[in-house]
Amino acid sequence: MGVQGLWKLLECSGRQVSPEALEGKILAVDISIWLNQALKGVRDRHGNSIENPHLLTLFHRLCKLLFFRIRPIFVFDGDAPLLKKQTLVKRRQRKDLASSDSRKTTEKLLKTFLKRQAIKTAFRSKRDEALPSLTQVRRENDLYVLPPLQEEEKHSSEEEDEKEWQERMNQKQALQEEFFHNPQAIDIESEDFSSLPPEVKHEILTDMKEFTKRRRTLFEAMPEESDDFSQYQLKGLLKKNYLNQHIEHVQKEMNQQHSGHIRRQYEDEGGFLKEVESRRVVSEDTSHYILIKGIQAKTVAEVDSESLPSSSKMHGMSFDVKSSPCEKLKTEKEPDATPPSPRTLLAMQAALLGSSSEEELESENRRQARGRNAPAAVDEGSISPRTLSAIKRALDDDEDVKVCAGDDVQTGGPGAEEMRINSSTENSDEGLKVRDGKGIPFTATLASSSVNSAEEHVASTNEGREPTDSVPKEQMSLVHVGTEAFPISDESMIKDRKDRLPLESAVVRHSDAPGLPNGRELTPASPTCTNSVSKNETHAEVLEQQNELCPYESKFDSSLLSSDDETKCKPNSASEVIGPVSLQETSSIVSVPSEAVDNVENVVSFNAKEHENFLETIQEQQTTESAGQDLISIPKAVEPMEIDSEESESDGSFIEVQSVISDEELQAEFPETSKPPSEQGEEELVGTREGEAPAESESLLRDNSERDDVDGEPQEAEKDAEDSLHEWQDINLEELETLESNLLAQQNSLKAQKQQQERIAATVTGQMFLESQELLRLFGIPYIQAPMEAEAQCAILDLTDQTSGTITDDSDIWLFGARHVYRNFFNKNKFVEYYQYVDFHNQLGLDRNKLINLAYLLGSDYTEGIPTVGCVTAMEILNEFPGHGLEPLLKFSEWWHEAQKNPKIRPNPHDTKVKKKLRTLQLTPGFPNPAVAEAYLKPVVDDSKGSFLWGKPDLDKIREFCQRYFGWNRTKTDESLFPVLKQLDAQQTQLRIDSFFRLAQQEKEDAKRIKSQRLNRAVTCMLRKEKEAAASEIEAVSVAMEKEFELLDKAKGKTQKRGITNTLEESSSLKRKRLSDSKGKNTCGGFLGETCLSESSDGSSSEDAESSSLMNVQRRTAAKEPKTSASDSQNSVKEAPVKNGGATTSSSSDSDDDGGKEKMVLVTARSVFGKKRRKLRRARGRKRKT
């Protein structure tokens, strides 16, 4: 955090520096503030936090530092000092409070979101009520609407497809290169080649064939002799034929992949196919044909010996090849109908195996004649008699097609009734018995269109038994198929039924059918089962739909309501419930849109699920023994059921239909039959044997009564939800719009509040430190762990000249003694803010002690500061109470306490405006705490001096790191790292022009002025006071020195009286002594510092000294001064130049009268040979001239 507001105070002293100018400098980095900035500031464009923001920030900043060739040293925080721990405890409390507030805000946000969703739902319902309903409007698909994707294609992506295609092309290219290099390298007879996919083999063989055509001469030389040319041609022809055979074999293999399953299915059904060929139709893009050769079917005996599932699969398929006129009309109107699947075509071929073309023509003529004469009747003649007999034999063996009927089918009595839906596989015959509102029973046999035509042909021969004119055209017409043509005599079928006691029940949901009339209800019919199933009493009935009926929607599920076939039935017997029927209103129901089958009749088809889930029939039975037999009871009146029918000639488009009963009705009619759903989502009805029926039924009834209480709670919740929905019905659209807009505004405000609270609650953990250190090691950058404060460690590195400055935004570093700081290094601006201690000390008059005093007033990590005190007020306080160290704060605290003791006394009129304002401040007890200043002045740091080493970034490990923490791929990581590595590898660097002289712009920036007038006034007054204080100190020091000198002069004044004669004698004796010493030596001249001078010069000098001393004595006696000062006690000897042999000497001697000591004599001389050299040069010049 640093000192609050200190950067604002120092910004006038900072200047902008280009990052390029910092190239090669060693800078310390306080990483702790980076981590805090990343946690609190790094957000996505929606304001939400991202994953690993500290590592992402560190990565980008490292790249920038290294790009400018700066050598950083990262410093991590150590243990916090005691004073800082107290501040951190308070911060932690604020963070915990923000975290709890964030959770509350999240709950409010969720509630607001739910309210908005409820408003949208109600708003949509209101708007839908206002607009006309478009549910019954039939919309045809647009011409350019694509078919829905398969599940595999939905989960696949373009990238995966592209990768697969790329791998395939790489393999192909490798093979082509190897083949082009050496055509004999590829052995098409090898196992490796045969293990390749057929498509790849086909491409390779095709390339080889083309290669042999065009480039054969490159590898096989032409024969030189003409006789061998024919052999050359034959060899090429044989090789070409050899390749063609392999290509045909591969094509057959590819064809087998697409059409081979037809052969397998047909063989599973008991048939035999000699050959199946499938090819694409050239004239159409999406069509293909299947040619089946050598079809042989099983005999009837073989069919009887086969098991039920296989026979039902074979004979339950469609047999009609030629469609009716109505179907032809439909195909003309719908050209986009789905073509028949291979399985359907296979069934057609099997059905028409024994039919002749003449019989087909006759049946076609009879069917067209009947279609023109009696449109309500059923068409006949679409299948030959031989085909019909085959159908009869097949239906004899079908165990799942089993319809119980009696003489009282048309009665529709009030007893228990039974509805059975028979189905074995996707194309098996299925039946649904329906009764309209008048109680007339209708039975619908649900099958494909070709089977309908077959059954209509049989039913037309039995019109006498059950007339079809009894039902009007608007309702469903009944066509009864004679049971003599479909005998069911196999007793093994009934025995197989005995083992199927647990039957799957159907969940029936109430839904309105817009296509049905209001008075019509779909209810089960009421056939009565006899003790034995007779051949002559079995009826198959076909449900036909008229032109007036609209297409329906069918909702289907995997569960169907069923009962057991073992018990024998007798009419007019009471029914009891043996198994509960649970209802699940929230079960997933799939709606399948469909189209009308044709304009005359629509056939509803039921589709079973992939030969696994057989659709059990819904059957009502009456019991003859009320004591031991328990049956399923179905109500007579059931709500209308939505039915949607779709005809598609392919067997994969059959529609499954689920009949649904409303929850409330079944709860009312069967209060004891509710049961929770099973794990499979289906409901199992447990059938009972005759001896065990009473005991097990009683236990089931007890369990159901206990579960009723549990099911009551969800019903109450549903009722409350319905009541809450009814409350919205009286609200108009304008109120809903207003409420929704208010909720939207509240939601946005809660989002912003939550984001702010998350920023406050974010904290730096030790794991973040470890991850950051790992990234630094990968970049090869040194880092150190500070003993306590990272800012103090950076400052000591700067003070000991181990670094050239510090990159940080924490202003605490100035208080620890830093001299150079770079701020806002990673802003988008082109320049970095550079601060020096010398600059703001000269401009603002702030030193380290004053900065610590500002921390007391403004607040920092070690102290809270004084409330409502900013940087300007703090500078005014320091101006009002000057002093050194803590003296200003002690004065301020003393003055404030005095002012608070007598608040009612009239303030001093001499007080300034600042002091009047300072009276309202609130100081904490113990202000100022000297421990704060001690912590700043004497921090715990590591002052050892060592060398730092920088390594080269490890590219591979950095890529792996970015993949693990950021999810980046190799390309994105390289985009950031390659410019950095390129810049680091540069060997030569060039100096910038601003390194030679200062720019004019920089000089203008250095001359920034303080914008605040109050601050400018306070700084000016403070600087003036400092100058005045410095001047007064200097003046006091000078006065003190003068007094000391006067005392010294008085003490030394008595010893300064000396005789003039003594002085003259001393000087003359000194000169004589020097002359006597020099006479004993043979001298011939000298330089500075030598004592050997000429005699003439010595004599002249002595005479000059004596004359000068005599003149001085005469002047002093003439002046008659009674006292001599220390300054006048020195005797000066004037220099007198003496010419002797062209050499001049000058000397000065000073004597100190106070101490009576001799001073060193300074002698300056020229070379004695100076004039002689000049004369010699002149003589030489004359000689040359002569």
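Keep in mind that glycine also has a Cβ here, set from the backbone N, Cα and C atoms.
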Residue among D30, D161, D839, D847 sharing the Mg(2+) 1 site, where Swiss-Prot lists D77, E789, E791 as binders: D30
Candidate set K8, K85, K293, K830, annotation N6-acetyllysine, source Swiss-Prot, matching residue: K8
Mg(2+) 2 binding, same site as D810, D812 - Swiss-Prot member from D798, D801, D861: D861
Number of Cβ atoms other than its own within 10 Å, given for K8 (N6-acetyllysine): 14
Residue among recorded positions K8, D30, E789, E791 with Cα closest to the Cα of D812 (Mg(2+) 2 binding site): E791
Non-site residues, in chain order, whose CB comes within 8 A of the mean position of the CB atoms of D30, D77, E789, E791 at Mg(2+) 1: S32, I33, V75, A786, A790, A792, Q793, C794, T808, D810, D812, I813
D810 (Mg(2+) 2 binding site) as reference: those recorded positions from K8, D30, E789, E791 with C-alpha within 10 Å of it: D30, E791
Inter-residue C-alpha distance, D30 (Mg(2+) 1 binding site) and D861 (Mg(2+) 2 binding site) (nearest angstrom): 16
The region 'DNA-binding' (31-67) [mean pLDDT, rounded to integer]: 86
Distal contacts, the region 'DNA-binding' (912-918) - CB-CB under 8 A, six or more residues away: 873, 876-877, 879-880, 892, 895-896, 899
Three-state composition of the region 'DNA-binding' (820-836), taking helix and strand from DSSP: 0 helix, 9 strand, 8 coil
Cβ-Cβ neighbours of D812 (Mg(2+) 2 binding site) (radius 10 Å): 28
Secondary structure of K8 (N6-acetyllysine) (DSSP, helix/strand/coil): helix
Neighbourhood of E789 (Mg(2+) 1 binding site), C-beta criterion under 8 angstroms, separation at least six: D77, G78, A80, P81, K84, D812, F816, P939, V940, V941
Three-state secondary structure, D30 (Mg(2+) 1 binding site) (per DSSP): strand
